[in-house]
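Just below is one structure, and these are the notes that go with it.
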Ligand SMILES: CC(=O)[C@@H](O)[C@H](O)COP(=O)(O)O
Ligand SMILES: NCC(=O)COP(=O)(O)O
């Protein structure tokens, strides 16, 4: 089974655009759960332009499904947040300062020893760790030596190419997934997945445990409503 974790960053973006608390991020997360989300993902960034660090405490205290916190563990504030809130999963993403959004995965060979330390730190607190990687079998294989539980395949390249050459777009992802299975790593995926490309991804990527989806899902909800949207995303994963 592949779980759907809804990334609610974009709900916070809307809230922040006017100050105040509309829409209410916590209420939106609880609604996502009621409508079938099997997890909630947040990706706080140092400028708190969408999810704020304080949101994460509220979310952890109130949601019933798994909380997945994604972000840059080189930020001290991020590490403190994760250790304070103890989410079900932390996803380590090598964001550079000021990035608009995430645009690459970890080099798990070059940063092996750093990643090993981070995995030990978070796993020591009972938090499942996932490392964000490009769809590169070599990076997936090396991730296994960090002690991580899972990798998250960065799917922007797939989403871009899927529209013109789906078979070519998926090839490295299928291969990376097979390597993850061989080395005993769980597999997540995310970034730019949507109602058009999700089913094909699921069908061609063995052992997919979780997808985290935000931008497209929240955009679709403007037209379809949150309940119908989550239902449709879940149906792609059946
Ligand atoms: C790690 C990743 O793939 C990002 O897509 C993410 O979690 C979303 O971050 P933003 O909402 O800041 O674009
Ligand atoms: N890890 C990816 C994520 O949480 C959401 O990415 P996107 O759907 O907003 O591109």
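The backbone N, Cα and C atoms fix where each Cβ goes, glycine too.
Unlike curated entries, TrEMBL annotations are predicted automatically.
TrEMBL has this to say about the protein:
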type	residues	note
ACT_SITE	43	active site, proton acceptor
ACT_SITE	70	active site, proton acceptor
ACT_SITE	191	active site, proton donor
BINDING	7, 18, 192, 214, 215	3-amino-2-oxopropyl phosphate binding site
BINDING	45, 50, 101	1-deoxy-D-xylulose 5-phosphate binding site
SITE	152	site 'Transition state stabilizer'
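Positions of TrEMBL features highlighted on the structure.
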residue: 7; record: 3-amino-2-oxopropyl phosphate binding site; DSSP (3 states): strand
residue: 18; record: 3-amino-2-oxopropyl phosphate binding site; DSSP (3 states): coil
residue: 43; record: active site, proton acceptor; DSSP (3 states): coil
residue: 50; record: 1-deoxy-D-xylulose 5-phosphate binding site; DSSP (3 states): coil
residue: 101; record: 1-deoxy-D-xylulose 5-phosphate binding site; DSSP (3 states): coil
residue: 191; record: active site, proton donor; DSSP (3 states): coil
residue: 214; record: 3-amino-2-oxopropyl phosphate binding site; DSSP (3 states): coil
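Relative to residue 214 (3-amino-2-oxopropyl phosphate binding site), the recorded positions with Cα atoms inside 10 Å are 191, the candidates having been 50, 101, 152, 191. Among the recorded positions 70, 152, 192, the residue whose Cβ has the fewest other Cβ atoms within 10 Å is 192. If you draw a 10 Å sphere around the CB of residue 43 (active site, proton acceptor), it holds 24 other CB atoms from the protein chains shown. Cβ proximity to the 1-deoxy-D-xylulose 5-phosphate site centre (mean Cβ of 45, 50, 101, cutoff 8 Å) flags the following additional same-chain residues: 9, 13, 43, 44, 49, 51, 99, 100.
Proximity of the binding-site residues 7, 18, 45, 214 to ligand 2, judged by a Cβ distance under 6 angstroms to any of its atoms, singles out 7, 214 in sequence order. Classification of residue 152 (site 'Transition state stabilizer') by DSSP places it within a strand.
Among the recorded positions 18, 152, 192, no residue has its Cβ under 6 Å from any atom of ligand 1. In this record, 1-deoxy-D-xylulose 5-phosphate is bound by 45, 50, 101; the longest C-alpha to C-alpha distance in that set is 11 Å.
Within 10 Å of residue 50 (1-deoxy-D-xylulose 5-phosphate binding site), as judged by C-alpha distances, the recorded positions found are 43; the full candidate list was 43, 70, 152, 215.
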